[in-house]
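Asks: Annotations for this protein, taken from TrEMBL, read as follows:
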SIGNAL    1-20  signal peptide
DOMAIN    123-353  domain 'Sulfotransferase'
ACT_SITE  Lys130  active site, for sulfotransferase activity
BINDING   Arg219, Ser227  3'-phosphoadenylyl sulfate binding site
Amino acid sequence: MGKPSRLLLVFLSLTVIPNAVLVILKTSNPQNIPRALSNVVEAGCDCRGSRVFAEAQELAAAPRPTVNYSQVASETPRRANKTKYSRLGTQLQLDYAKMCPRGSLMLGQRSQFVPNHLDCPSLFIVGARKAGTSSLYMYVSRHPSFKGILLDRGPKVGETYYFSSHWKSWKWSQYMKLFEHTSHYTTGESSVGYLTSCNVPERLWRSCGKQAKIVILLRDPIKRLESNYRMRIRLQLRGYSNNTKASTMVNLELERFINAALKNGADIQSVEHSWEKFRCLFNPSSNMVFEGLYYVHIMNWLCNFPPENILILNSEEFFHNTRGVFEEVIEFLGLPPLDRNTTAFITSTSYNTGRGGQGPRQQLSEMDRKKLRVLYKHTNQPLLNLLDWEGFVWS
């Protein structure tokens, strides 16, 4: 920790040191003090009138620096990317005041924030589904300084869904039990439904703060949908079987999406200026068309999570330059760099490709693709502009 801080010396003087004070000793963050002092008293320390107690209260009341996230993007130097299309949130030209709805966590002046937990995982690969997330998580898990979880679960590798599906049913201790074997390592998870779950950015921010680093992979939304459809058939998910025709699936998914959008007063042609009307239309994996509205999902994350902690990747680039993208992620996580022979070896295997065994033969027809192109053209272009993916085209 280095030279003891004034805050540390204050609390070393206390005779009772419960868990809350141990948190203080780890972070030396004055904003933790009020909560800790209350817990000290509850733990039995009769020290309300003591000098150290009064001094701690003074520290808690002292002015603290604030961060204006509306200025972060414009003031952060643009770094040299290892890959052409990878983007940190701070590299994007984002006018928070105009583009984020009222109530967004990253709007305006914010004092130093203290998360609810300090024992958080570091990496969260949040999606998109069928965009290479399983392979990326497996590659990172093979880094000597990173320890992955649930590595034997095939297509569900690294998935916990604590911040979405299990938010109300699991305790924090249950969640962290999944990471018991990862002490002394960097760790993380890969729940691909987090990208499209509208409440996850806020939940993760309040739980973990800037300890959490977000990685997002974006794939051509039509190819993503087709791959998702084939996976449902292959794994017999959500009532899908070899008898589920692609055209039937596309029509049903489009109909459900359009009806939900109309009911919520959301106009796909003006999504760039009213994206927030789309963000909570469906729960994760409930509509495959909705999952491809990347502009909506990316804006929700950027408006509610620190941009410097978000890395956005291009799946097509990941498929063709796997090693380069992997090295980009290693740097983003702050893991020790590996030599190129090692990264080449780690990335030589693909995971969850759906190529094993007899896969479904159904494919989207040209008419199916045309219907989807008409819809996605309204969300693809604002996204490509936001990410500055100049010259890049999706189908």
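Glycine is treated like the rest: Cβ placed from N, Cα and C.
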Asks: Please list, in sequence order, the residues in the chain of Arg219 (3'-phosphoadenylyl sulfate binding site) that are at least six apart in sequence and whose C-beta is under 8 Å away from its C-beta.
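Replies: In sequence order, the residues whose Cβ lies under 8 Å from that of Arg219 (3'-phosphoadenylyl sulfate binding site) (at least 6 apart) are Ala128, Lys130, Ala131, Gly132, Ser227, Ser315, Glu316.
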Asks: Among all protein chains shown, how many Cβ atoms are found within 10 Å of the Cβ of Ser227 (3'-phosphoadenylyl sulfate binding site), not counting that one?
Replies: 18
Asks: Give me the count of other Cβ atoms within 10 A of the Cβ belonging to Lys130 (active site, for sulfotransferase activity).
Replies: 25
